[in-house]
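Report on the following structure.
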Amino acid sequence: MEVIWSVLTMVLASAKNFETLIVVRFFVGLAESTFYPAIQYVIGSWYKPEELGKRACIFHTASALGPMFSGFLQTGAYNGLNGVRGLAGWKWLFIIDGIITIPIALLGFLIMPDLPSNTRPSMCYTQEQIDIGKKRMADIGRKPPAPFTRKKILGFFTTWHIWTLVPLYILFNNGGGAQNSMIFWLKSFNTRAGHQVYTVGQINTYPLGIQATQVITTLIYAWWSDIVGARWPPMLLAGTWSMITCIVLAATPLYTHIARRWVFYYFTGCNGGLSGLILAWANELNGHDNEKRSFIVASCNMFAYVMQAWLPIVIFPQVEQPRVFKGNVATACINFFMSASCLTHRARPARAYIPLLVAVVFAMATYWLSRRDQRAARKHRESIPDSDVSDDIVLEDDLDPDLKKPITPVEPTVLATLEHRHPAGHVAA
């Protein structure tokens with residue numbers, strides 16, 4: 001799929017009209033849609049809870065590092081390739097992106113593992129390492145694949161996991177619209193002054209501090225979460241931080257305190273690293289059912305982008321940039337009810353707390369329900385003989401300490417980190 005993405009991305013450079021651009025972009029999105037949730041699912045098939053947050057978040061930092069490099073690449077393409085062979089700089093970007101991705105895709109095909117249950121020995125993975133991977137997952141009760149059945153699929157909707165984790169991910173994924181405003185803010189200095197204040201290169205590179213903030217906070221959240229053994233504390237911190245940031249952007253003038261606004265624009269990246277934690281949580285909570293785990297991870301990604309396809313256009317319209325008062329008031333997270341309010345009128349600052357409170361509700365509901373299930377499973381296990389205990393009620397955070405020890409000091413090979421094909425990572429001038 002990555003090779004198909006590469007070819008289609010280069011085809012975008014040949015588009016002669018808007019209609020062609022839209023059609024090709026649709027297939028580009030189709031090709032890239034499988035990549036991120038599939039990688040998070042595979043990561044969740046190899047690592048234990050105390051390891052999973054770091055691995056998932058390290059991979060997710062590629063979604064911030066990609067745009068950072070794209071910003072410099074965009075500046076270089078505009079300055080050095082604009083007009084070369086009759087192609088605009090933004091068209092050269094598509095060509096360069098495609099060329100870069102093809103060898104990465106081929107490398108991933110060679111070195112990326114499948115699941116512990118179906119990975120074959122190769123130059124990258126020995127049979128001993130694969131066996132360790134299987135044993136590690138068996139120790140924590142994370143099940144291997146089984147056939148999908150109609151009954152099983154319907155059963156996904158009868159448990160609480162899909163009803164809390166998917167909305168939580170939607171809220172996260174659609175709460176970062178303020179990040180895009182800094183470019184418009186820098187451009188507005190040129191319009192306001194009537195002459196060039198910031199060059200095209202500066203406008204493309206100065207906002208990269210947002211991605212730098214995301215990388216740093218993502219890694220902090222990951223290590224913090226794994227150390228304390230809980231996913232929700234970093235989510236609450238990031239939500240609160242993002243809420244305060246967006247309220248400041250909404251409530252303060254655009255040009256009165258330039259340095260302060262610059263800093264707060266960089267702070268808009270503080271909640272961008274929660275994707276890895278939420279999907280790590282989904283992998284952990286559904287480890288007892290492989291098919292349910294894959295379905296929920298994929299559903300998180302799919303429904304988040306279904307919302308993101310139209311919601312930012314409504315609450316962050318380009319004609320209102322860089323002020324976008326109602327978009328900034330939407331703060332850290334956005335759900336259906338908040339988006340409906342933004343469609344009808346300009347939200348008041350007090351309503352900036354609504355999406356955060358909804359995010360907190362979903363995060364705490366997921367946490368409380370997971371603890372409830374663990375208590376129930378523990379009580380059930382204590383009520384029956386050890387020999388009769390089913391593997392289905394093994395708890396990932398309630399194991400005998402000896403079971404958590406690896407059977408040999410050799411760990412599975414770390415998964416290759418490839419660029420997350422997030423739509424925001426494909427930058428055009």
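Cβ from N, Cα, C; glycine included.
The structure displayed is predicted, hence computed values, not measured ones.
Computed over the domain 'Major facilitator superfamily (MFS) profile' (1-375), the whole-number mean pLDDT of the model equals 82. According to TrEMBL, the feature domain 'Major facilitator superfamily (MFS) profile' maps to 1-375.
The transmembrane segment annotation in TrEMBL covers 25-44 (among others). Note on the transmembrane segment (25-44): residues 1-2, 4-5, 8-9, 12, 52, 55-56, 59, 63, 112-115, 142, 276, 279-280, 282-284, 287, 293-294, 297-298, 300-302, 305, 415, 418, 420-423 of its chain, located 6 or more positions outside it, place their CB under 8 angstroms from a CB of the stretch.
Annotated transmembrane segment per TrEMBL: 56-78 (among others), in sequence order.
If you look up TrEMBL, you'll see 90-112 (among others) marked as transmembrane segment.
Feature annotation from TrEMBL assigns transmembrane segment to 153-172 (among others).
Among the features that TrEMBL reports, transmembrane segment is placed at 235-255 (among others).
TrEMBL lists 262-282 (among others) with the feature transmembrane segment. Long-range neighbours of the transmembrane segment (262-282) within the same chain, counting only residues 6 or more positions beyond its ends whose Cβ lies under 8 Å from a Cβ of the stretch, are 37, 40, 44, 49, 52-53, 56-61, 63-64, 161, 165, 168-169, 172-173, 175-176, 178-179, 181-182, 185, 207, 209-215, 217-219, 221-222, 225, 231, 234-235, 238-239, 241-242, 245-246, 248-249, 293, 296-297, 300, 332, 366.
Among the features that TrEMBL reports, transmembrane segment is placed at 294-316 (among others).
According to TrEMBL, the feature transmembrane segment maps to 328-346 (among others).
As annotated by TrEMBL, transmembrane segment applies to 352-370 (among others).
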